[in-house]
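Comments concern the structure below.
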Amino acid sequence: MTACDQRERAPNPPVAYESKLGCTCNDYRQPNGLLAKAKYGEDIIIGVIDTGITPESPSFADDGYGPPPSKWKGVCQVGPSFKAKSCNRKLIGARWYIDDDTLRSMSKDEILSPRDVVGHGTHTASTAGGNIIHNASILGLAAGTVRGGAPRARVAMYKTCWNGVGCSAAGQLKAIDDAIHDGVDILSLSLGGPFEDPGTLHVVAKGIPVVYSAGNDGPIAQTVENSSPWLLTVAAATMDRSFPVVITLGNNDKFVAQSFAISGKTSSQFGEIQFYEREDCSAENIHNTVKGKIVFCFFGTKFDSERDYYNITKATSEKGGIGVILPKYNTDTLLGDTLLTLPIPLVAVDYEITYRIYQYIKENDGTPKVKISLTQTTIGKVSAPKVAAFSSRGPSYIYPGVLKPDIAAPGVTVLAAAPKAFMDAGIPYRFDSGTSMSCPHVSGIIAVLKSLHPQWSPAALKSAIMTTALTYDNNGMPIQANGKVPKIADPFDYGAGVVNPNMAADPGLIYDIEPSDYFKFFNCMGGLGSADNCTTVKGSLADLNLPSIAIPNLRTFQATTRTVTNVGQANARYKAFLYTPAGVEMTVDPPVLVFSKEKKVQSFKVTIKATGRPIQGDYSFGSLVWHDGGIHWVRIPIAVRIVIEEIYSKIS
């Protein structure tokens, strides 16, 4: 779920504007809302390539559904724990793929069928196209209504990923071919790897949008995955929902953090603090002295991963401790199911709170004490969205001339359908975080847009999503990017911004691309390397008609051409507003585009020139916005790097 009352404003006066964020929490109750107009994505077929699916989940029940669309040619491939009746009028198809190497190496708990053992595929499929389910929660947290982006879409699962061994590349290619044959309308792949998958180009050429996750290796630069220009690559952002716990010290000082504390004595009474300093804080150093106490660790160097936090908490519990408070700069990846399975509360606090607690302990002459409250769920009281710390960042090391990621969507602590093991324990919905979770959000949104605009190409749908994206949060401030040092987000963090479904349904102008241009691009690139000198795509790679501009090697000046198609009112006049990257001058010719019934398509040229005496530089960012004087603000991001000497190291 995301905020339903955020506003977006253009970067600077005099072009301030407002637009309503597309809701994903309660707009299914609005009779004239986007979902209602799109009939909730009814009969759009979303193909998901993942770890399988849990057919018993309420998210995939078929009450009220008619037969599958007549174009559907898929099958329900049976196997252990997955019978022919596991498919229905909602889950209309399921296949599985395995090779000999995977078969030899996969986990012993895996099942040779479309059955999901891991839970990843079930979660992503329900996020994209799951039913509307009221009164959902996980152990009382995040209570409300859960649904997919297109809740009346049909779902088809292609299981190519297996517990213990990851995903089969050969299986993925075969699944893609089968999905095209079966008749899917959209392919959603919450997968990634170091190299690109050229097989997806043929899917897009068939008119089927392909949505991929950007990867979870952030906040490090040049880690973005799935950066081919024909893909829609999705970064992860937070929501305006938080899970606060209150930490109360013995002197009655109170601090608010986020965690999942759902039971335990810590909520009703103070416990003595067991203090560990720096490297002394490790699972191996937790001793019986912590019995009945709450462990607090000051800064240390052994906190390398979430696993370290969990191990310290488990060791504390085994020795009789009742809670743990540890320092952490960010909780984007910590707030997940594992936290709920811990026997005692684990609360991560920022470094300022860490120091305040440390001061209290050092200044206390008696016995320092602390109390941890039970977790609450709050909505709308935190700044959001923010780019998640783990979300992979651009620029692409494979295609530096293609700005990636394209867009960001909710991907932190997303509540969606759980595998059967959870359901058997009475937990039908679970939390998960990652760009794997943000990817199906966009897949579901595309299903809704495709319902409204069935004639739009994959490039047109991608353009509509990118050119209407949000760059300001629910407080009217520039969207932030989480990381070891939080900062204002830039296009390498979130692409064009955070997805804005309502505005994407009526973008005004679109940047369309013929599949033949993608093929020219791919043939020029050979699938790898830099395309700076390629001249087979309308003059250069920079002229590929993407809704973004990336110039990784600007020496003096470079001109690039774009073409837009009017999909709004027939007679329209758009004026250009330029937000120029630092260190360059930028012009657009012509600065005004006039459309009519006879003239729906127009081209323009953007020229970017290094100013003054050029020096070797890093990327700077800007944008180009076309405005029709009304509701349409058609914005594309721009990234430019000045390079004088090719042999000059880009690592300082």
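Note that Cβ sites are derived from N, Cα and C of the backbone, with glycine treated the same way.
TrEMBL lists 41-476 with the feature domain 'Peptidase S8/S53'.
For ASP50 (among others), the entry in TrEMBL reads active site, charge relay system. Shown in sequence order, ASP116, HIS120, GLY121, THR124, ALA125, MET157, TYR158, LYS159, THR160, CYS161, LEU189, SER190, LEU191 are the residues of the chain, 6+ apart in sequence, with a C-beta less than 8 angstroms from the C-beta of ASP50 (active site, charge relay system).
The active site, charge relay system annotation in TrEMBL covers HIS120 (among others).
Annotation source TrEMBL lists active site, charge relay system at SER436 (among others). Applying an 8 A CB threshold to same-chain residues 6+ apart, the list for SER436 (active site, charge relay system) reads HIS120, HIS123, THR124, SER190, LEU191, SER213, ASN216, GLY411.
Here TrEMBL flags 543-640 as domain 'Subtilisin-like protease fibronectin type-III'.
Helix first, then strand, then coil: DSSP counts for the domain 'Subtilisin-like protease fibronectin type-III' (543-640) stand at 1 helix, 61 strand, 36 coil.
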